Structures are given as C-alpha cells and as structure tokens.
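Annotation source Swiss-Prot lists ATP binding site at D7, I8, G9, N10, T11, R12, L13, K14, T126. Positions annotated as substrate binding site by Swiss-Prot, on the basis of sequence analysis: Y95, G102, I103, D104, R105, T177. Taken from Swiss-Prot, the feature active site, proton acceptor covers D104, and the record attributes it to sequence analysis.
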Amino acid sequence: MKSLWLDIGNTRLKYWITENQQIIEHAAELHLQSPADLLLGLIQHFKHQGLHRIGISSVLDTENNQRIQQILKWLEIPVVFAKVHAEYAGLQCGYEVPSQLGIDRWLQVLAVAEEKENYCIIGCGTALTIDLTKGKQHLGGYILPNLYLQRDALIQNTKGIKIPDSAFDNLNPGNNTVDAVHHGILLGLISTIESIMQQSPKKLLLTGGDAPLFAKFLQKYQPTVETDLLLKGLQQYIAHYPKD
C-alpha cells in the first residue's frame, strides 16, 4: 500500500512516497510562500501513483491548510493533518498550551520517545530546536537562531566587515574576522548543546540539514543522525490515529 507524506514548512515543501514502509520517492522544493500552487503542480503526478492515504505536517495557517486540503481532495483518498495534543500515543506534551508547540518538533519527539529512555532531540534547520524527553514525557525545550541567522544578524549590525560564505569548520580561535565570526557562532551553539547534555544522562539525536556538521563536534556524546525523523514521527502519528 502506497502512502504520501507531506512536510510543509515556511519555505519548503517536502514529500515522501512510501510502500511497505520503504521510501520509494522523495523530493524537496522551495514553495516561495505559495505551497498550494506548488502542490497543484504535483497533483497529476500523485494521481498516477496509486496512493491510499496522505499524512501531513504543516506549519501554515488555517487558510493555507484549507487550500491544501481542497487540492488534495482531487486524489479522493483519506487526508490527515497531524496536530499537537496534550497526550497522544502515550506521549505527554511538555508545553502549557500544546497548540503552541511546533508540529515539526512534536512529530520528531513522537518518533523517538520511549518508556525507559531519555532523549535530547535537536532539529538543525532554520532555527536550532532542542527538545528533551524523559520516558514518554516531553519536558519542553529551547529555540535558538541557527548558524546562518546569527551570522546574518551580525553582518547587518556590523559596519565595515564583509563576511563571505565560509564554512563553519572548526572551533579554534579565529585569526581573522571571518574565522572569528564563524567559529564563535559555532562554538556558542555547540557549548549550549554540551551544557544540556551534561545536566543528566540522555541520548543525543540530531536531524535536519546541518545535523552532520553538529555531529562532528559532539562525538563524545555518540550522536545519532536521523535524516527522516519527521517522516517517522508522521508515520507514528497516523499509526495511532483513530480509525473511522
């Protein structure tokens, strides 16, 4: 049985098609603030895939999600938008107001939380998100600007310093302004993660585009890099979704 999984973010639309739990197709595209139009261009392709259901993670507002829903009706198969709950599949949400937790973070936690394990789950995307779990209890977390947001903020507020797209490649003191900026930003984020990891024993799991970079500097914590963590969380969500 084939399923379609959509991850609709603020700037990108990602999709996976799976069959018998195996990914058979995956793509990610910028949607230029118009995800519904991008999806409209993909509908004919999806229509010929023999899909049986659709699971969606979307950070969009209600109006945009309704447009997405209308377009997907053309496929004439069940569509489920994942939502954050106070409790779901045994997982307790750590936010006072669960709906304020990003659906991407919730699904990442749902993908890995288990009774006798504690996790530090880090999403290395547009923001650096950190979520902590103790068994099946989500403890809340942290949100920080990522490497590039921090660098861009510094460029905007620093006169006379032109900073090219250099690699965030090590934590040594910089011997020039470019290296000092890049190494300093990376050191700040790595130090934050290390501080959290030192507070109590927990497994470290990294996901998102910069996950391999952060893993390189966090080897003493034996990090796991999970590329499709949100997909796994979305699959978990649908597996526990009430049947009609």
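Quick reminder: no glycine exception, Cβ is built from N, Cα and C everywhere.
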Q: Going by Cα-Cα distance, pick out whichever of the binding-site residues Y95, G102, D104, R105 is nearest to D7 (ATP binding site).
A: D104
(Q) Taking DSSP as the reference, which of helix, strand or coil describes Y95 (substrate binding site)? (A) coil
Q | T11 (ATP binding site) and Y95 (substrate binding site), distance between Cα atoms, whole Å | A | 25
Q.
Can you check which residue among the binding-site residues T126, T177 has the largest number of Cβ atoms within 10 Å of its own?
A. T126
Q: Out of the binding-site residues G9, T11, L13, T126, give me the one sitting nearest to D104 (substrate binding site) by CA distance.
A: G9
Q: In three-state terms from DSSP, label R105 (substrate binding site) for me.
A: helix
Q: Note down the number of other Cβ atoms within 10 Å of the Cβ of T11 (ATP binding site), including every protein chain shown.
A: 12
(Q) To see if you understand the setup: which same-chain residues, six or more apart in sequence, place their Cβ under 8 Å from that of L13 (ATP binding site)? (A) L6, D7, A28, E29, H31, P35, L38, L39
Q) Once the chains shown are all counted, how many other Cβ atoms turn up within 10 Å of the Cβ of R105 (substrate binding site)? A) 22
Q. Between the binding-site residues G9, T11, T126, which lies closest to G102 (substrate binding site), Cα to Cα?
A. G9
